[in-house]
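Chemist: Could you have a look at this structure, given as structure tokens, before my questions?
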Amino acid sequence: MLNLTDVHVSYGTTPILHDIDITVDSEEIVGIMGKNGVGKTTLIKAVMGLLEVDTGTITFDGDDVTSTGADVRARRGMGYIPQGRDVFPELTVEENLRMGETIHAADNSLQYEAVYDYFPILTERRTQTAGTLSGGQQQLLAIGRALIGNPKLLVLDEPSEGVQPSIVQDITRDLQRVNEELETTIIFVEQNLHVVQHLAERCYAIDKGMIVDELGSDRLDSREAVTEYLAV
Amino acid sequence: MNGYELLNVTFQFLESFAFIVLATVGLAVIFGMMGIINLAHGEFILVGAYATTLSAHQGLPLPVAMLVGVVATTIFGIVLERTIIRRLYGRLLDSMVATFGISLVLVQLTRILFGNSIDQVSTPFGAISYGSYSYSLYRVLLAGAAIATLLVLYILFTRTAFGIRARATIQDEETARSMGVDTDRMYMSTFAIGSALAGLTGALYAPARASPTPEFGSEFLVDAFVAVVVGGPSVLVGTPLAGGFLGLIEAFFTFQWTQFIGTVAMLVAAIVMIRLLPDGFSGLVESVRTSWRESE
Ligand SMILES: Nc1ncnc2c1ncn2[C@@H]1O[C@H](COP(=O)(O)OP(=O)(O)O)[C@@H](O)[C@H]1O
Ligand SMILES: [Mg+2]
């Protein structure tokens, strides 16, 4: 479904990511864990097409998208949830969700039902501007907005950031449900132990811009194996 | 003040309101939506006025000539955006210098091509007479055109998918792109809308002022910039309020004394407003809304 092969990314002349090889299969939930500043957001932006790669290839759903812009990748089925609950603060909840239609202009009604069903709080807050929601609610809105486009792949940048621990557990469960019921493939980056252990079926570890390990479900169950790569 | 005089001030107000709003909308859309201060705004109006007047001279009916004026200005704006303006997004000073240069070139070019003035198209509809007064009906009807323009903009930017995408792009370009928005095209379209609005202003005023000269556009600039500052960052809220407020002051002082005193009074009012409300009317509306929400 998603393949990164030998990907290198830099900011200007500063190299950030080296030799990245990542594979995500259809309907899989794959995590990438790492501490602050190791290159997680850079990696997610390269996947989404918001940053160009220096060398290497990215294929998505059978197509080479290495030099395709983010807007085109979104329309091909990538749904992006940026770091820091990045909703459009001055648009209402409803308008934020309608942004999702941009991706998928065809019939979205089923998708709206699904989103309101997963996140009933968004129905109540429909006419409120998104900037007035709590951190957790904004994160739900960002996820819901991405889902309206009916993506094949959800791309999440630290969904737990700025969200209370109890809500983090809810979001983790919601994402699992989305994966099962809507058959959405998920790739996320995180440094939150709970999300890494409970959401990922498989997880890469990233440090200083390189993939340094890959953990299957057995090793993900072990707290020590995981915390080695996190600042816990 | 007797009934006729009251009618006179009312017409004066409607005319000032229309002038301020129509002078401002194009500038306000491009500034509010894209952060570009278009110092060639007056010359966009000039293009609209000349295209309208010259095609009316060719025998086109006035409404068709006005349409030609709007279309010509829109195309002109798109060409300028693709060749120059798009390189200057996010660079406020550079874009001001560039558009100032464009403005100078256009004024001189107009003079070279068409001389010091062209014949005016006569004002349609004649005059309304009452008592010993009369007032041009067309100039009063312009207030209707100004309100219609604001309504269309309101619907466009708040009720359509295009408008939601445009506002999303301003708030967060990167996220908008990752939601499938072709942001480059979005900027081009927004600039085209701003250009079309300036063209409309030129078209509407081509038959309503003195014979068009190369300085035609600069007559709109003072009102436009004052209204953008007094209106504040939100076009949809700020422009009508600024037009109403400044129009009222201008109309009253013009009626009591002269047009010159009216303009001076408007500028003084603008300076006082900027001291009192640094974010203009739309900033005021925003803070009132926020405090309502908090008291809920
Ligand atoms: N816009 C930028 N320009 C230059 N360097 C950047 C930029 N954004 C991030 N970096 C650097 O790239 C590295 C990786 O950052 P990032 O991918 O944001 O890390 P993470 O998301 O894992 O916290 C950091 O050293 C950071 O300082
Ligand atoms: Mg990050």
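Cβ from N, Cα, C; glycine included.
The transmembrane segment feature in TrEMBL is assigned to B:17-40, B:60-80, B:92-115, B:135-157, B:186-205, B:225-248, B:260-277.
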Chemist: With the transmembrane segment (B:135-157) as the reference, which stretch in B:17-40, B:92-115, B:186-205 has the largest tally of C-beta pairs below 8 Å?
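Modeler: Comparing B:17-40, B:92-115, B:186-205 against the transmembrane segment (B:135-157), the winner is B:17-40.
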Chemist: Checking distant contacts: for the transmembrane segment (B:186-205), what same-chain residues at least six beyond its ends satisfy Cβ-Cβ under 8 A?
Modeler: 19, 22-23, 25-27, 29-30, 33-34, 36, 38, 41, 44-52, 65-67, 69-74, 76-78, 80-82, 85-86, 89, 142, 145, 149, 153, 156, 162, 165-166, 169, 176, 216-217, 220
Chemist: Given the transmembrane segment (B:17-40), which of the listed stretches B:60-80, B:92-115, B:225-248, B:260-277 has the most Cβ pairs that are under 8 Å apart from it?
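Modeler: Answer, by Cβ pair count: B:225-248.
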Chemist: Are there residues at least 6 beyond the ends of the transmembrane segment (B:60-80) whose Cβ is under 8 Å from a Cβ of it, and what are they?
Modeler: 40, 44, 47-53, 102, 121, 124, 188, 191-192, 194-196, 198-200, 202-204, 206-207
